[in-house]
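Per Swiss-Prot, compositional bias 'Basic and acidic residues' is recorded for 53-64, 95-113, 209-219, 262-272, 352-368. The compositional bias 'Low complexity' annotation in Swiss-Prot covers 78-94, 127-141, 156-171, 194-208, 280-294. The domain 'tr-type G' feature in Swiss-Prot is assigned to 480-647. Taken from Swiss-Prot, the feature region 'Disordered' covers 47-382. Under the heading region 'G1', Swiss-Prot lists 489-496. As annotated by Swiss-Prot, region 'G2' applies to 514-518, with the evidence given as similarity to another entry. Swiss-Prot lists 535-538 with the feature region 'G3'. Swiss-Prot lists 589-592 with the feature region 'G4'.
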C-alpha cells in the first residue's frame, strides 16, 4: 500500500495543511501533524463519492417548551416532497405515527444509523405555534419536564439526509403534543445498524400526519419559513471505523458538519444528560440570551404561551466545509439540523454546537458570531465572511481620471492616486528628476507618472485667453465712436500746456516742477463731437507710459518745440507711434517765440519719415502756440478729419472691455483706476477683472469729477470698486458674475507667484561660486511708494537702471499709497531706505521710522530722487586709494649711530620729505625697500618735514642696508570716494 503524508496530500488538493488536518478530523481520522502518514482507507474516507441517500426520514424535534416544537426537514416545495415520498415502500407509508416511539431511541440511548452521502439538500427552520393536544403525538419529542434543561443525545448521521424530505411534506404547522412529556418513554435496547434503515420509512410519514393544521388559531399556528440554504452532506464513512467523539459528562458529543458517523456497536448506549446538568447557552428559560459558544440564536423558552424566536438564518458556519468548497457559508444551525436526525437536539438545547465550536477554535481561527436576533424582527444578520484574503480592488475607470490645473505637487498627486509619495519620487528618479514631496509637476510629467500607475491625467486648467477672447462684432452692430488722441513729445515742449489750452483748464499748475509725471485722460467736446485725450509724461523715465499710450490710442499728436527741435524723447515717441501703427499729427509748438524755427523742425523730422503735406508728404503739420492759443481749432479739426478717415467704430451693446490707463490708492475711496473703455458699455454694478485684481463697479466718474452711470466706447472714467490697485496697462474686462471674475484673478495671481518664485529659486553650485567670487558686490535695498501706479513704476525702473557691477540696487517693494508702518518694518528688517514720491508717511510710521533709524526720503520731482539714490549708492562703494608723490632725497653719506642704527645724510632734491609719510628706497631705480621713516632730523632736532634744497638725516624702520647714492622717494596714500 502506498503511503502518503498529510502535507503531500494537502499540496495535491491545493489546500493548507491545517485545513486538511481539520477535514481529516471531521472524517474521524486522527493525525498528529502534517508529517503523519495516511493510509489509503483514510484518503478514501476523506474523499468518498456521494451516494444516493436512504429514503429514511428522520424527524428531529425538540420540545423547547410545552407549546413549542422545533423541527428540521428538507426545504423543498410540498409537491416535490410528495414526489420524493412516493417511491417509499407501502409498508413504510402505512406505518402509523403512533408506532414511532418503538423505532425512535430515547434521549439516553439511540442506535446509530449508517450514514450515506447525499447531494446537498435544502432545510427549513419551522417554528410551531401552540396547538391543542393531537390524537397521536410523536413520542420522539417527548421528554420529562424535569429534563428540560438537560441536553439530548446526538442523532445518528444517517438521519440527516432523510430528515429534509419530511419538511417538504409539512409546510403547515404540525401539532405539538402537550401531555406527552408527562409519560417518560422507556429506553429500548440498542439496535443493530440495520434497524434505523428499517425504521426510516415509518418516519417518513410522520411529517405527513403532522401536516394537518388545527382549525383553532390558524394565524398563530402557522409556521414561518425563515430561510433556505444549501446543506452539503458528506459521503458515508466506512462502517468499520469508529466515530471520533469526545463526550463529557452532562453533554452530548459534538456533531460536525460533513463528518460521517460510524455505526455504534450493539449493546452500547449513549450517555444521557443528567437532569441537573449545566444549562446550555440559549436554553429554555433564557429567551434572547446569546449563546457563548453554541449556535447563535438558540431557542428561548420558559413561557408556555409564547414561542421563542428562531435562530438567525444568516449566521456564519462554524466549520469550513462549505467555505473550502467555495460556497457561501451555510446558515447557522442548518447543518446541525440535518445531521442531528430525529433526536440530535437542533441546537435548541444550547449545547448543540458548543463542542463543535470549541473544536473549531482548536483547529481554525476564531470566528465572530452575531448575537441572537431580537424578538419580533424579521431582518437577518449580515453574513460574516471568514477566511477570505484581502482583495486588491482596482478603482473604476472614471475614478482613475485625475483632474489637475496645469501643475500639481508630488504629494497631492500621490494623495489623489492613493499611493505613497515615496513611490512617485522613486518613479521620478527613474525618469532622471530629483524631486521632493512639494515639488511641482507639470502636465506632461504628471501624465507620464500617472500612466505607470494606471491613471489618466486631465488638464482642467482655466484657459483665461479663451474666456477673455474678444468676440467679433457683426458689421451692423458697429457704431461710430470718438477718437482717442495721445499727446506725446519731449519734456518741456508744452504737451500739457497745449492740452490745458484745449480743455481750458490749468492742469500743469498742479504738477510738481511743471512737468507731467503721470498719464491723464480727458474728454473734450468740440462742435458736438467728442475727442478723448491722453496726456503722457515726456521724461525719459516714463517710457513705459508712453508705450501704453501709443497702444490704446487712435491718433498721436507729436508736440515739438519750434525753438528746440527734435530731442531724444521726440525720437522715442515717433518709434512708439510707428510700432503701434498709429497715424501722427505734428504740432509745432511755441511759434510765438522769437527764435522759433518751424522749418528746422520739419527738416529734422524728415529723417524719421515724417514729411509735411506742404513738402509732398502725408504727415499733417500744424503750427500752434499753447500760450497764445494760436491755431488750436485748426489742430482739432485736423484730428476730427483724421478720425473720419479712420472710420472708428465700436459695438456699445456688448460687455465692456478696456485698458487701465492709470491707477492709484485713494485714502477715502480705496483703489481707483482710470479706465479707457474701448468697446462695449461699462455700467455701475458690473463685475470685472483687470490683471490680478477683480471687483465690482461701485461708482464711476469722468475727468471733471461728475458721476457717470454708464461709459461707452472711447470714454475715460475713474472706476471705484477694485480689490487692489491694478497695474497700468492691464486689460479691463467686464464679467458676467463675481465667481468667474474671482477665478480668473486667482489664476493670474497663482501664475504671478510661480514666476516670482522661479526668479528666487535656489542657487546652483555654479551660481553660488560666482556669488562667492563677487563677495565685494554690495546691495542697496529700497522701498518705493508713490501717488499713482505709473509714477511708482517709472521711479522703480529708474532705480534699477542705476545698478552696476560694484553695487546692486534692489527694489524690495513698490506700491501706491502713503508710507505705512508695514513699509517701515520691512525697511528696518532689510536695511532698506524708503523713497516717497508725492506721498507722505503716516504719523505712526514717521515715529516708528525715527525709532528704528530707517531713512525715509520724500520727493516730488523724479530728478531729485535719482540723484540722491546715486549718492547713496556711491557712499556704499569702498573708497579707492591713490598714491600722492611728495618728494625725493639723495643719500650723500651714511653714519652709524649707537641705538639708532644706520643714518643717511641726505639732500632733498625735489618736493619735500614728510616725517609720517611712506618712503621707498631706490637703488639703480630698483625698489629695495618700502616702508616708513624711522626718524627725520635736521641737525639735532626732529622735524616734521624738510623742503627742497635742505639737508637732513633720515633712518628707516627695521632696515639698515643704506648706501651712498641711494634715493629716498617719499609718498602718501589718500582715499578717493568711489564713483558709479
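The backbone N, Cα and C atoms fix where each Cβ goes, glycine too.
For the region 'G4' (589-592), the list of distant contacts is 493-494, 497-498, 559-564, 598, 623-628, 630: same-chain residues at least six beyond its ends, Cβ to Cβ under 8 Å. Averaged across the domain 'tr-type G' (480-647), pLDDT for the predicted model comes to 77. Residues of the region 'G4' (589-592) grouped by DSSP class, helix first, strand second and coil last, total 0 helix, 1 strand, 3 coil. Helix, strand and coil residue tallies for the region 'G1' (489-496), in that order: 2 helix, 1 strand, 5 coil [DSSP].
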